[in-house]
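Asker: Attaching a single structure in structure tokens format; questions to follow.
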Amino acid sequence: MQALLVRLLRIEGASITLILLLAVAIFGSLNPAFLGPENLAAIAVQSMFVLIIAVGMSFVLTSGGIDLSVGAVLGLSGGVTMFLLTLSVPTVLAVVGGLVVGTGFGLLNGLLVTGLGLSDFIVTLATMGVAGGLLQILAYLRPLRGAETDAFTWLSYGEVFGAPFPIVFGFLLVLACAALLNATVFGRRVQASGMSPAGANFAGIDVRNVRLMVFALSGFLAAVSGILLAARLASVQPALGQGYELQAIAAAVLGGTSLAGGRGTIVGTAVAALLLGTINAGLQISGVDPTWYQVFVGGSILAAVAFHQWSERYVDANALSDAASAGSEISSNPTH
């Protein structure tokens, strides 16, 4: 049993997947309608908006940083896209405009952190305020609604081989980013930069360039999520994106990404985002006040950090125990 527990703790996303299945089973037992195919599909689609920005957050956290601006950038990118649509700008150009804004904020964060040596916490807190303020200005200038085109609406309601496009996009994103983090030179540099910046620099890794790139990726994915969410809602409110940064951090940390840097998991982050979506939908369908969801999100970050510290100690202790046992066997059975 102990060996099985150690193996589960070592498998990427295994523990959070078990929790997700347990949550689905609990809410399904409370209300059988929760397990309906349409409801589960709706939960998955709603989870994609957090999943997408949480993937970007995982890269930033793994590199040893943090990005508090993703929620505001999400809202501003969706707002810019909708603003351009109200000006009769073609859908493709409007979407590109939103992506440029999000990526630009990501690059700005990265340049301020790496170029000026400022704290990523302070920088992204400041740009969160800037992006949120700009969205309010846009909303004041023009109503950000009623200009969606069929092509724009398809981004959130369209289907690919019978599956909603946001789910297909999220699935492909997870596959691509998991490969990027775990099977490429860039991914290894991201992990090395977060584990030991000084050691990474000594090994010839340009840590500043790595962090600039992960901030740009985070901004880009925040823009993607914001555009998809704007297409889903068919409008953009000044408060769009508020609280998403906390959900993104929660999903990343719950999934197994370390707040201290050096370790990240894209698959675990994706499963955790689905868990958050499941909890949110389950509380709503059970008639629980939705404000409790925010309590859960905050509490889950604390619980995840505590659990990861315990699991690391547990796995390390068992590894030392196994090594000691192996050493005892060798000493008691010397080779003649």
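Quick reminder: no glycine exception, Cβ is built from N, Cα and C everywhere.
Because TrEMBL annotations are produced automatically, they should be read as predictions rather than curated entries.
Annotation source TrEMBL lists transmembrane segment at 12-34, 40-61, 68-87, 93-114, 121-141, 161-186, 212-234, 246-279.
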Asker: Using a Cβ cut-off of under 8 Å, list the residues of the same chain at least 6 residues beyond the transmembrane segment (161-186) that approach it.
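Answerer: Distant contacts of the transmembrane segment (161-186): 41, 44-45, 47-49, 51-52, 55, 58-59, 62, 154-155, 210, 213, 221, 228, 232, 264, 266-267, 270.
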Asker: Ranking 40-61, 68-87, 93-114, 121-141, 246-279 by the number of C-beta pairs under 8 Å to the transmembrane segment (212-234), which range is first?
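Answerer: Between the stretches 40-61, 68-87, 93-114, 121-141, 246-279, 93-114 has the largest tally.
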Asker: Looking only at residues six or more beyond either end of the transmembrane segment (68-87), which have a C-beta under 8 A from one in the stretch?
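Answerer: 49, 53, 56-57, 93-95, 97-99, 101-102, 105-106, 109, 121, 124-125, 127-132, 134-135, 138-139, 141-149, 152, 218-219, 222-223, 225-227, 229-230, 235-236, 238-246, 248.
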Asker: Counting Cβ pairs closer than 8 Å, which of 12-34, 40-61, 93-114, 121-141 has the most of them with the transmembrane segment (246-279)?
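Answerer: Top-ranked stretch among 12-34, 40-61, 93-114, 121-141: 40-61.
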Asker: Looking at 12-34, 40-61, 121-141, which one has the highest count of Cβ pairs under 8 angstroms to the transmembrane segment (93-114)?
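Answerer: Most Cβ pairs under 8 Å with the transmembrane segment (93-114) come from 121-141.
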